[in-house]
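Please read the structure below before turning to the comments.
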Amino acid sequence: MKKFSLSSASNRRNFLKNFSLAVGTTAAGVSLLSLSSCNSNKSGEKEQNNAAQNAGGKKLGIALLGLGKYSEGQLAPALQETQNCYLAGIVTGSPDKVDKWKRKYDIPDKNVYNYENFDQIKDNPDIDIVYVVTPNALHREFVVRAAQAKKHVICEKPMATTVEDCQAMIDACKQNNVQLSVGYRLHFEPHNQRVMELGQKEVFGPVKSIKAADSFKISVKPDDWRLSKELAGGGPLMDVGIYCVQGVIYTMGKEPIAITAKYGEKTRPDYFKTVEQSISWQMQFEGGVIADCVSSYNDEAGMLYGEAQDSWWRLDPAYSYKGIKGETSQGKMDFEEVNQQARQMDNFADCVRNNKPTQVPGEMGLRDVRILLAIYEAARTNQKVGV
Ligand code: NAD
């Protein structure tokens, strides 16, 4: 097993060159490329308005809002492993779920909310962070309400189904002086972090091309929100293709300038009534690099491949919760398996506790939704779309 390092002089030069590039930053100067962990706070930024500001080393309380598969199967278990935060409360529209969650995670009655009384969470000092895990189109409402209750917010991906919704969520969090992060767990996963480093720091020279695929065979009931354009914003592109968009951008360290795209054939039009069954697209970058991507609800794939001047690398599977594997032309990557969600939430809690910006902020979520919508526009019009 071989580990790679930045030891050679040319690699060090590339590292310094790329480290100083001010690409992909938000108006507040926060990098959207996620190579570093929490960025240090900028002088002059407003102090955060939060229950945890003076909490020292206290674990922050997270309330999960939306107790579906991801909350139940991944986030709640991950919160049993976190160091900086813990599962303090729940917000649910399903009263029948409450008892089981209360018993399993020892959650007191005072930390249980429904969607109607949720705004009262503002008076609950046990809750520092609300984690919104509902269908995509509902993210906006709950993020805005959480922000107005002066709670920091993590919002699941995709951040929303429109750019306007993303902006409203960012604005609400700014107005209430709370932090907003997107549930981009792969930014805390070592193989994907290595790809960021290989691509952005040009460890093997400049990137020449990228391929990415994320697909699975969906088996939900026909009335599931994932098959509703209104609630999901689209099909596999919104759900998992977003990881290809992310992977390509964090390989390149910059945003694409143009998109071309094509919908795949619908072999099950009765099932995929309002969302695409599959879609393929290309992301074009300044300098000529093209990333070829595909996402489908009727296939199995999860790959991120990059080719640079002197080597190639490949993660496969690249985006799963567990078992991510990677290699380059020089050998296998050798990284430990981590709990991505635990790391992601611990990192955000650390940012909140220390008043530092998150590396996966709302602005990154908005950027990605803008690109996802450009992909749909390119597929719909069969034209190249600038971004
Ligand atoms: P799910 O269908 O299992 O759960 C959705 C939850 O939202 C349920 O508890 C449901 O009761 C609730 N809900 C509230 N209003 C609803 C409505 N009008 N219609 C349907 N459900 C409603 O979905 P999930 O897989 O848990 O996904 C939830 C969110 O998490 C989505 O945004 C999804 O993209 C995201 N997600 C992220 C990851 C990741 O790896 N980061 C993985 C899975 C899901």
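All residue numbers here begin at 1 and follow the chain in the order shown.
Using N, Cα and C of the backbone, Cβ positions are placed for all residues, glycine too.
What you are looking at is a predicted structure, and each value in this text was computed from that prediction instead of being measured.
Record features, source TrEMBL:
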- 61-184: domain 'Gfo/Idh/MocA-like oxidoreductase N-terminal' (DOMAIN)
- 193-302: domain 'GFO/IDH/MocA-like oxidoreductase' (DOMAIN)
Reduced to three DSSP states, the domain 'Gfo/Idh/MocA-like oxidoreductase N-terminal' (61-184) has 56 helix, 25 strand, 43 coil
Averaging pLDDT over all residues of the domain 'GFO/IDH/MocA-like oxidoreductase' (193-302) gives 98
